[in-house]
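Student: Here you go, one structure.
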């Protein structure tokens, strides 16, 4: 592993603590299966497909947590450069501005700096994935009816992290020699959300040019 990639995986640079799967649980086994597919170098279009005999919601839940962890790591590497001064607006270039809305303090879409937005986003996702009523961990406990709508919101908001990093901070990623890692993570994310129709195609438009230029 290169020095740059060691920096990417440096625990001190993780934006939030990683969510882990409990050994011996079904999710842990699914997580291992997903990682094995990636480590085997399978085509990512194939790697994201639902394994035979597995439940789709379980597969989706494992990947949501995994993407949360991975995107935390990516944002952690550039968070020192994403400041109130450098990024006063959470955006993906001049055409795309992302406003924050939640059920508590920000009931209407509110313009925030990128660091503020990221903090609120990661806090909000942590609450969702740690909520047993939404992400049940016990085998046999059914997923709630709102599971997929919540997942879609989580993934569409995580996509905005990719947009911001690619458009505003990719020079930093390149300086670290980590662009291949970030590109692979985005490619994995993209194929997954397309496989299970979890993000509207229109929402993916900010990175169409990045995708087209990457050779994928």
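Placed from the backbone N, Cα and C atoms, the Cβ positions cover glycine too.
Automatic prediction, not curation, is the source of TrEMBL annotations.
Features from TrEMBL:
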- 82, 87, 164, 169: Zn(2+) binding site (BINDING)
Student: Look at the binding-site residues 164, 169 and tell me which residue has the greatest number of other C-beta atoms within 10 angstroms of its C-beta.
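Tutor: In terms of Cβ crowding, the pick is 164.
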Student: Once 82, 87, 164, 169 are set aside, which residues in the chain still have Cβ within 8 Å of the Cβ centroid of the Zn(2+) site?
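Tutor: Near the Zn(2+) site, the remaining chain residues are 78, 81, 86, 114, 115, 165, 168.
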Student: For residue 82 (Zn(2+) binding site), just count the other CB atoms lying within 10 A of its CB, please.
Tutor: 20
Student: Measure the Cβ-based neighbour count of residue 87 (Zn(2+) binding site), defined as the other Cβ atoms within 10 Å of its Cβ.
Tutor: 19
